[in-house]
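As recorded in TrEMBL:
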DOMAIN    A:6-109  domain 'Replication factor-A protein 1 N-terminal'
REGION    A:114-172  region 'Disordered'
COMPBIAS  A:123-135  compositional bias 'Polar residues'
COMPBIAS  A:142-172  compositional bias 'Polar residues'
DOMAIN    A:177-281  domain 'Replication protein A 70 kDa DNA-binding subunit B/D first OB fold'
DOMAIN    A:298-396  domain 'Replication protein A OB'
DOMAIN    A:455-544  domain 'Replication factor A C-terminal'
Amino acid sequence: MSSHGLTVGFLAEIMQGNELQNPVVQILGSKRIAGNGEQSERFRLLISDGKSLYSFAMLATQLNDLQKQDKLPQYTIIRIDRYTTSVVNRNEKGEKRVLIIVELTVLKEGSLVGEKIGDPQPMTDTPSQPATTQAPARPMDTGSNTMGNGASYGSANRSLSGGSAGPTQSIGDSLTHPISSLSPYQNKWVIKARVMSKSGIRTWSNAKGEGKLFSMDVMDESGEIRITAFKEQCDRYYDMIEVEKVYFISKCQLKPANKQYTSLKNDYEMTMTNDTIVQECKDADGSMPEIQYNFVPISQIANMEPNAMVDVIGMCKDASDVVQFTAKTSGRELRKREITLVDSSNASVQLTLWGDDAQNFPATTHPVVLLKGARVSEFGGGKSLGLIGGSVMKLNPDLEMAHKVRGWFENGGSEASVSSVSARTGGAAGVSTEWLSFQEAKDKNLGAGDKPDYFQMLIGDWTSNRWVTVFTELAEEMLGKSSQEIGSSLEYQKEEAEKLFTSISFKSFVFKLRTKVEYFGEQPRNKTSAVSVAPVNHKEYNALLIKSIQELTGVGKN
DNA sequence: CCCCCCCC
């Protein structure tokens, strides 16, 4: 066939707002559209259906790599497996319709085709007028004057979620703009976007005034953007917005995004205004992308930089109780809960939850915990996870990965020996803490660096001895009495107190110590305090001794 | 117009 299987007439059809399944087209050219930085890079394609030429096709960003790897050269024949259309620059002259290619299959390599098929002619940008009268519910055509309150949104949405197939839906879709096309220079737009995350309501009070706000991160095929709602808009939309749902949104104010506060791939962010209209799109399934996760094995978190963002899915192996305390620096009352997550990389990581997240966590169950955009932080050489503004936590999500990790956990994983990437060793994750004598600690010059170093040792050391400070909690643990009891003994029952202190003399413990050079005037001195104390595990200690003996003598080594 | 995201 001379058309080489191209779907002749496809382009004219989509310009009418019709949809066709799996059209086949030929690529005749491509062009890189530079955004600000690689994150907003886009590729525009010149395509042909054998009859018409069309230059407003764009690759969804997740297909950018195909273009970069030169998999889509001139003359390539592709099948478009999934696409959406959007209208940009709609005005008196008509509209410009953009075809966004979301999934494609290369049917024949360009070099094998080697020529332009047929004699396709350029399409005009102004096809037949869209049927405006059929779409009273489109946010863009519905003046804000008549849509000023939240109550009307539900009913206004009816024609978009109607039962009959096809046309109704494509009317709604035909009027939406890709998020990646939005800029502050153009305010006539409607986006159709899925909510990825939603913050809580936060209030502020400063020199400029006070108020409240919430923000949400939304996405479509083309990209993502943050939307913030202040004061009235916060009240109006907070309850309405639900994570994962799809909404039509129009008439927000765009401004350059402050990259310091977001990792979203967009140069802009937006703020809702009095004119903003938000409508839920109730039948968006299939036409909208699902939220994408880039799960990383927990073991890999060990190698990540502090402040990196990460998606993780793991089993909750342990959850502490909620601890309430006053932050020493800020004086704030804080509530936190530490969750231990494990996965089949045989690693665990601490997730710190705060406030209501901590309170509401179902600690008595073993949920699968999904984190999107969790933040990596570092403490004492170990890595842990926390949630920030754009982070999402889901429990027991119905995802294959979630079932997998539960399967692993329930078939031995819960008993598996895992190494903690959160261990505060100062060394690589998973490497057990180094055992040192006092002499070795001195030789290594521990404590000389900026950061305190950690080391373990055995009291009763054969090389030396040292005064070590033991703070409240550990002292209570060692002495088996509360600090109040010890304090009152010291004051009123000196003999009792002395007995108490003598009782732990010559006892063996395993200590983890912190040492740091501090200056007393000109004099540098290593100040050492205990970080943890535990009874001697003779099995473990014997293993260490045997290993040392083997290393010294060479006996029993392979 | 926020922009804190905590603690050891």
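Keep in mind that glycine also has a Cβ here, set from the backbone N, Cα and C atoms.
With DSSP states grouped into helix (H, G, I), strand (E, B) and coil, the domain 'Replication protein A OB' (A:298-396) comes out at 12 helix, 55 strand, 32 coil. Under DSSP, residues within the domain 'Replication factor-A protein 1 N-terminal' (A:6-109) fall into helix, strand and coil as 17 helix, 55 strand, 32 coil. According to DSSP, the secondary structure content of the domain 'Replication protein A 70 kDa DNA-binding subunit B/D first OB fold' (A:177-281) in residues is 13 helix, 56 strand, 36 coil.
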